[in-house]
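Here is what TrEMBL says about this protein:
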- 7-25: transmembrane segment (TRANSMEM)
- 24-77: domain 'Lipopolysaccharide assembly protein A' (DOMAIN)
- 37-65: transmembrane segment (TRANSMEM)
- 86-113: coiled coil (COILED)
């Protein structure tokens with residue numbers, strides 16, 4: 001929708017410039033400083049509008065290229081950062097899994113010791 005309005009506005013502006021140029025078709029002197037020429041005002045108006053459009057296109061293109069370059073650099077940085085984060089997460093996960101395994105072994109040993117003490121106490125009470 002936004003692009004449609006831009007196109008419509010561009011067409012209206014072009015139509016206004018063309019009508020304005022057609023209404024002003026007399027010969028005028030154009031002084032470039034080092035030379036002067038006579039040309040119809042219609043050519044001067046359309047030429048100035050064309051030069052303005054070219055300048056705007058160049059400025060917009062350079063801005064677009066700069067933004068694309070920035071976007072590409074940011075995406076590369078994000079990929080690098082994501083890889084670093086994934087590596088850290090994997091390292092931390094492995095560390096936590098080792099800690100969990102060690103705690104499980106420790107708990108099993110504690111359970112086995114308590115169980116053997118209980119077994120010994122039970123056997124002792126049964127023999128008496």
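For all residues, glycine too, the Cβ spot is worked out from N, Cα and C.
Sequence-remote contacts of a segment are chain residues at least 6 beyond its ends whose Cβ falls under 8 Å from one of its Cβ atoms, and for the transmembrane segment (37-65) they are 17-18, 20-22, 24-30. Long-range contacts of the coiled coil (86-113) within the same chain: none, as no residue at least 6 residues beyond the stretch ends has a Cβ under 8 Å from a Cβ of the stretch.
Note: the domain 'Lipopolysaccharide assembly protein A' (24-77) comprises 37 helix, 10 strand, 7 coil (DSSP; helix = H, G, I, strand = E, B). Within the model, the coiled coil (86-113) shows a mean pLDDT value of 94, rounded to a whole number.
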